[in-house]
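Presented below is the structure to which this report refers.
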Amino acid sequence: MEPPRLIHSAPGLPGTCPLLQPPAANAAASMSGPAADTPSAIQICRIMRPDDANVAGNVHGGTILKMIEEAGAIISTRHCNSQNGERCVAALARVERTDFLSPVCIGEVAHVSAEISYTSKHSVEVQVNVMSENILTGTKKLTNKATLWYVPLSLKNVDKVLEVPPFVYARQEQEEEGRRRYEAQKLERMETKWRNGDIVQPVPNPEPSTVSYSQSSLIHLVGPSDCTLHGFVHGGVTMKLMDEVAGIVAARHCKTNIVTASVDAINFHDKIRKGCVITISGRMTFTSNKSMEIEVLVDADPVVGDSQKCYRAASAFFTYVSLSPEGRSLPVPQLVPETEDEKKRFEEGKGRYLQMKAKRQGPAEPQP
């Protein structure tokens, strides 16, 4: 009988963990250095357990987002340390739109594959796919696709961004396409940062179906388990909390089981350090017949040992759908915007919805 093998993260890596290899093999591995053989793709796998899921048995979108970020962080950190030089850790700066194509259920195995697709002078683009596997039947299906951007931060000073080692492209067009994506996300990221000044304020005795009725906030003290070894929060931890708050808003609005349908670009404007108190706030911005858009804002307050004021750390738009007990899509109660700001956000959300709907439908057929 063949002995069990450890699951490793990428083709071409050793079949066993270096820590479990004989001393001689360990010595050889340590002598090779970071530039020896850095793969451009990895895969991580994990079985989904009851504490990963909601009451209907569907895995939380935040759990999937956290796994996506972990895979991206591993491969981008490896690449950024692939040449001799100042050591660094890759920090998440942005996640492009992520669609939840199919739910992952308790007992299934999530296979998260990450691959570097582009590098600029100070950032790394990583493409991530998630496949779910029913280990009883062997059935597999694609559940998520995401694009993430990371920046390398010096281990000596995490406020210092280092240069990214060059990446070898399979074809010339790949670099040109990546450069276009880089410029587009850079512009969108800057535009988002400028309009992130507002905050979510509580309203006494709100009416059902209004923005105030379902808006929710979560206050969380950042502890060591939330952070990297270098004292700032994992991007995946932040995304998981954001999804949790967005889910509460959606459930309060429609009073049914809800699931994450998609996440618009998540922008990380600044690092969140250990010991900060973060406030994750969510509010409904738009509803279509069968979907809800929820804006989620993350504010960080360095309450201990720092004179810095509270600042906006991250922001995103989450889209949820309402489901029946049988898992069928249900109509969503229509949002009732009351203030001028709420009406403006509703129209902006409607624009995003129509734009994404047009993208999914593709170009119109030519008329004869």
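Cβ atoms are placed via backbone N, Cα and C, with glycine included.
Pulled from TrEMBL:
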DOMAIN    38-156  domain 'HotDog ACOT-type'
ACT_SITE  ASN54  active site
DOMAIN    212-326  domain 'HotDog ACOT-type'
ACT_SITE  ASP243  active site
REGION    328-368  region 'Disordered'
COMPBIAS  341-351  compositional bias 'Basic and acidic residues'
Across all chains shown, how many C-beta atoms besides its own are within 10 angstroms of the C-beta of ASN54 (active site)?
18
Roughly how many angstrom lie between the C-alpha atoms of ASN54 (active site) and ASP243 (active site)?
12
Taking 10 A as the limit, how many CB atoms besides its own sit near the CB of ASP243 (active site)?
27
